[in-house]
C-alpha cells in the first residue's frame, strides 16, 4: 500500500475512551507503563475518537519499501496498566526513484523558527591555535619553540602522518568537506579554526591548495600530553620510577600494532579497550620515557592514570524525615518516574533494603533482572565484586533517585526518592576509595546502560564520583562524545568536594565536561539551611576558559535517604535510613528531577499543563539540562549575584519551570534536532504580556567533544540574541544579575549554556534568535526554554516547519499545518479559531479554519497545501514562489494580541549522483555517493530486494553530519553474497531524496575470501 492509503482501526474496549497508536520501524513489545521495548519509535500516542484513525495531522516519515510494526494501547489510569493489542505489520510500496519524501512531523511547541543567514564573527585571535600540551601556534609566525625530544618529523612517503590544518575563519561545511574530499581523515577540532587530520604527503599537497586553508604543520609529540598535568597527577613509584598512564590512539590506527610498538619500548600494557569512539591502552611506563611514547605517530594523547573516588563528605547515621517530595506540584500531578530508567555507577547496593526489595525477584549476582520492581540490571565491572555495600554510598545514591519502601516496616512512601517509581540500571564499579571497576573508556559504561535489556535502556545517568584532575580529561571527552552522538542521553555528575582547600576552579573530572550537568551542593530543608552552599562544594569558574560550573545546585548538605551500613540483612538494617552529605548526594537529586522532567515531556504534559499523550515527545538531554537551568533559584543566603562559580545558575526548583494547568507561569520549549551550521540562524517569536515577571530564556546544546587536554573546550559555538520589544540582549551578558540592555563587545565563546533573564520584562513581541557562529561539526542541535510568571495568557499560532518545499510546474507540494493555542471557547461545543494565511506571492490572506482538538481543548488545528500556480483567493491552496515566505496570523481578543508565525519556501530539490560501492570485501563494503547540496547519509540494504536493513551516518564511528561526499561503511556482511542497496539524503532545509536506481536498486557482491 501507499502511505496515503493507511487507515488504522480497532475494536473499542467498554469504558475506555482514550487510546494510543504506536508505529515502529522494528519489532517491539510494550510494558505495563506503555513504554516501547526493542523498537524504534516513529509516532506515539494519538488520542482521539476510535475506531478509525487516519494519518492526517500527526504521522511519521513512513518510507517506501519498508515494513513497519504497530499496536494500539488503551489508556487506563487505575490500575497503572494498559491493555495492548497484538503487534501487527504493514509495508509501504516503493515510490519512483529520486522522489522527495513527505517529512511532516508533530507541531513544535513554540512557533516554528524563521531560518535566516548571517555573517559570523571572526575571532580576534583567528591566527592562534591552542595546540595542546600548553603550546600555542601563531600561524603568522609558525610553530612555537619545542623541546628537541618532543619534536617529530614528517611521515615517510606513502605513510599516513598526523598534522594540524588551519583555516582563515569560521568553519563552513564546505571547508571540512574539502578536507575530506582531498582524502584527509578529520579528527579533533582545535581552536581557533583548525583540525587535527591524518594524511600522507600527496594528500597534504592537495590540502594546501584549498583556498581557505592558510597553514599546515605537524601534530607534534609536544602537543600529546600536558607536562603540568603530569607533574600534578602522575603517581610515580619512587623506587622504580614507573607510573601508570592512559594512552589514547587515533581511531584509524591498528590497536594491536601500536601495543606491540609500546611493548617493544619496554612499556608494560596493563589493559586495552576498543569502542565505537576510542582505542585506548593503560600502561605502566618509565616516567622519564613519556616523551618517547608521544613520538609514536599513532598516539593521540597521553594522560596520567587517576583513581576516581566517591564524593560524599561525611555521614551521620540516624532516622530522619528527609526531603518532603510529596508537597511538590509535579508529585501531586502523578509524575513520579513511571516508565523512566536511570543509570547509576557506584559502590554496591544493599538489595534487601526495603527501598529496593522485591519478594518475587532476588538480586544476588551480576546479571539482568528485567522484572524486578526497582533494579532491572545489576552489572559488576571487575575487579569490583557484587554486594560491596559496607560504606553505604551506592545504596544511598540509588535510594535518592528511586527509593520506594513498598515492602518493609516503615510506612510506605515515608522517605521516597526523587523519582520513586523509576527504575535503575546499576553498575557496580568498586568500593569507596578504589573505584577500579571504572573502564578507561567511559563510553563503554554509558553504552551498556543506554542499550539496556528487554526492560529498557537508561536515558538519564547519574554518577557521584570524580577526581581532582582539573583539566579537560579523556573522561570529559567521553562524556561529550557520547552525549553528542546520543542526544537523548542526559548525564549528571557530582561537582566534587574540593572547595576550601582549592576553592576557585576546583571542579574535577568528569564534572567539568561540557555536556554534563555538574551538580553542586546546597543545604536541605530538614536542617534549616536550604539556602546555604556548604564550604566543601567545588567551585568554578573553570580555567582558563571561564565556563560556569557547577551548572546547578541540589540538596547535598544534609539529605536523608537510604542507609546500607555494615548491618545484617534483617529488620533494623534493611529499614534504616541515614543522612549523608557531599555533592555525591546532590547529583542523584538532580538526576531524579531530570527523570521527572523527561516523563513530563514524554507523557504529553507540555504545552497544556494536562496529560495529553498526543503531545508527548522524547526530550533531548539538552532540553532536560535547559529546564533544570531555567528552574534555578538564585535566592541563596550568600547574596551573591548569579550565575557564578559557586552556585552556577542556582538551586534547582523544578516546579518553577514546568507548567501545569492553573499555574501562574508560562513555559515554551523548542527541542531542535535539525540543528544549525555556520552562518545559519533561526528565530522564534513569542508574546510577553504586561503581567509577566521573572523571564528566563535558556539555550543549551550538547557540543561536539574537544581534544583531550583542551584548554578551550568549546567546539560548536552558538549565540543567543534576544530582541525584547526593541531592546537587544545577549546570552550571559549581565549587569547586577540582570541581562544587559543593548550590549557591545565580545559574546560568550565558552559555555554551552546561554541565558537571558529579566525580573521585569517589557510587554510585547519578543524574538529569540540562535546564531551558528562557528560550527566545525554540524549541524548542531539545541534546546530553547522560555519561562516566566504571569496572570494572563495570550494565544499563539504555530507552524509545523521552518521550511516548506513545492515541486515546480504547479504541482501541489507540502501542506502547511497550523495550530492555535488558546483557552477560549465553550466547554460543551467544538470551537474554531480563524487564522489568516498569506505569502509574498499570494498577498491577499486566505482564511484557515482551525478546529478544536477534542483531546485537548486548548489546541485548534488546521491546514492548507502549497502550490506554485497563479494565486486564487480562498481556493483552499496557498500559492508560493521560490524563496517565498509563508505567514499565519491569529488575533486574540483577551488579552488583546496578534501573533504571527513565519516559514520559508524552498522549491529546489538537490540531486544524488555517482552512487557506487567501493572497498568491497567478504564482510564489509563502503557505499559512496555525492549530493549537490550538503545533506545527511542513509543506506538501505539487504540480500533481498526489500532492502529492509538501514544504517545512517549517526551509526558510524565518527558521524560526518551534512556533507557533499557521502560514505557509509556496511559491516557484518555475508561472504560471497549479492546485496541490493538504495541511498538517501536529507538537506538542511528538510528536503529528502532517495535514489533506488529507478526501482531496480544498486548492487554489489561480497568476496569469498576470509
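For all residues, glycine too, the Cβ spot is worked out from N, Cα and C.
TrEMBL labels come from automatic prediction, so no person has curated them.
Features as listed in TrEMBL:
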ACT_SITE  346  active site, charge relay system
ACT_SITE  393  active site, charge relay system
ACT_SITE  584  active site, charge relay system
DOMAIN    337-605  domain 'Peptidase S8/S53'
Local backbone state of residue 584 (active site, charge relay system), from DSSP in three classes: helix
Cα separation, residue 584 (active site, charge relay system) to residue 393 (active site, charge relay system) (Å, whole number): 8
Cβ neighbour count (within 10 Å, all chains shown) around residue 393 (active site, charge relay system): 26
Active-site residues listed as 346, 584, least Cβ neighbours within 10 Å: 346
Cα distance (Å, whole number) from residue 584 (active site, charge relay system) to residue 346 (active site, charge relay system): 10
Residue 346 (active site, charge relay system) - helix vs strand vs coil (DSSP): strand
Predicted model, mean pLDDT over the domain 'Peptidase S8/S53' (337-605): 82
